[in-house]
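Trainee: Below is a structure I'd like to ask you about.
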């Protein structure tokens with residue numbers, strides 16, 4: 001019995017070893033494509049010869065590393081380069097993982113850093129003529145400019161009814177990280193029609209390729225569409241309210257009454273300096289030595305706030321302040337009443353959609369080449385470690401061995417630089433705040449306001465001296481939207497406009513002693529106080 005059990009254990013152990021070897025072999029086979037750029041791309045990748053694409057690609061090391069990548073070396077250029085794979089990659093069965101690294105070494109204010117996974121050349125394109133019209137199956141990666149800040153996932157799909165290829169964009173994609181570190185982007189397509197987007201191995205978005213709410217336009221068209229030949233009847237009245245035809249303007253309605261009138265009860269404050277101007281010539285200003293009256297015109301000293309006005313209620317000609325006019329009513333218009341002839345909002349009748357089709361899973365075109373076709377205002381974008389795999393574990397292995405060591409070094413270096421400059425605490429807090437705001441902007445129910453939120457965040461990033469004001473404004477927008485969504489009932493959301501909270505810019509002035517600077521600051525503060533008093537008066 002003991003020998004029999006021992007034999008069974010040996011057999012089980014041997015079977016496990018064989019399974020592990022087979023699993024390792026499968027992992028090797030699961031790597032469909034891998035590009036490390038350790039060797040020069042020349043002779044292996046094809047640079048487009050189209051006239052528009054003059055950007056110079058370089059084989060370059062990532063800053064601070066011995067690791068090489070494909071570098072965008074010039075700003076304000078278009079770039080296009082392509083690599084044809086040995087065998088087309090099918091996307092129809094099993095799992096397919098698309099993964100690559102980018103490092104925005106000069107930041108990214110306006111430009112793309114995405115990759116296009118191209119269809120076979122039979123679709124009508126040539127590697128030497130690769131451009132933005134070259135047909136792709138999937139486009140994936142960062143894109144940032146203006147209010148656009150997203151990690152694209154777009155796929156093109158052929159409508160089996162009409163043969164047209166349609167671009168389907170992932171709704172509410174994640175935002176692009178705002179630092180200059182190396183990041184790895186992963187898109188995983190699964191057999192259950194799911195697509196998963198990860199940044200640095202962290203899941204940021206999951207969607208179903210067949211669900212209408214996840215893609216724009218939906219992959220599956222609507223079953224019915226409005227009849228394009230249907231026309232609204234001439235006698236159709238779609239005005240819900242109409243002016244009351246029996247209403248008459250009241251006799252005492254004065255349309256000419258102004259909105260504001262002078263406050264007759266106002267009295268000029270005691271001590272008002274009628275003969276003193278608010279601004280005077282700066283007595284310390286001198287005409288520059290290189291000033292040429294003939295070329296530059298007659299020199300005039302710059303103006304400064306009159307210090308006498310700082311200690312007085314006001315200067316110059318006193319005028320009575322304005323106040324609201326109680327008699328103001330504005331232009332009269334008859335009140336609205338229910339329209340007795342109202343028939344409702346007219347809609348064209350629905351007819352069967354001739355382009356409607358059904359699918360159990362997307363019918364993707366295979367990937368035959370990998371192309372980078374971008375326009376960017378920043379140089380320094382580095383692409384590295386492009387992977388196409390049939391196993392998520394393979395992609396994870398590349399993240400752990402290729403990306404993570406670089407990322408950890410860059411994070412440590414960034415932290416050391418911040419500590420050396422004495423800004424580590426504030427910088428880390430600021431970075432966390434911005435990252436949190438970008439994540440908030442990605443929340444689906446804020447999608448209608450995402451451009452406004454991203455616009456405010458970008459202003460804060462670009463203008464450090466306005467950061468606090470802009471952040472307060474951004475938070476105010478988000479809170480306003482949130483409260484409106486909770487308490488606003490069924491009212492249609494309106495566009496919310498807010499202005500950044502004004503913040504005085506910090507300036508460096510090396511001229512003059514500390515005492516003079518303090519005196520100048522006190523004068524400015526006194527001037528501001530005087531202006532506030534005049535507005536209140």
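Just so it is clear, glycine is given a Cβ too, placed from its N, Cα and C backbone atoms.
The model shown is predicted, which means the values in this text are computed figures rather than measured ones.
From TrEMBL, for reference:
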type     : residues : note
SIGNAL   : 1-22     : signal peptide
DISULFID : 110-145  : disulfide bond
REGION   : 218-305  : region 'Disordered'
COMPBIAS : 226-243  : compositional bias 'Basic and acidic residues'
COMPBIAS : 252-265  : compositional bias 'Acidic residues'
COMPBIAS : 272-283  : compositional bias 'Acidic residues'
TRANSMEM : 466-487  : transmembrane segment
REGION   : 500-537  : region 'Disordered'
COMPBIAS : 514-525  : compositional bias 'Basic and acidic residues'
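Mind running through what each feature is packed against?
Mentor: Contacts of residue 110 (disulfide bond) defined by a Cβ separation under 8 A and a same-chain sequence distance of 6+ are given as 144, 145, 146, 376, 377, 378, in order along the sequence.
If one looks beyond the compositional bias 'Acidic residues' (272-283) by at least 6 residues along the same chain, the residues whose Cβ comes under 8 Å of a Cβ in the stretch are 300-306, 308-309, 312-318.
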Trainee: In the compositional bias 'Acidic residues' (252-265), how many residues does DSSP call helix, how many strand, and how many coil?
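Mentor: Helix (H, G, I), strand (E, B), coil: 0 helix, 3 strand, 11 coil.
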Trainee: Per DSSP, what is the residue tally for the compositional bias 'Basic and acidic residues' (226-243) in helix, strand and coil?
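Mentor: Counting residues by DSSP class gives 0 helix, 4 strand, 14 coil.
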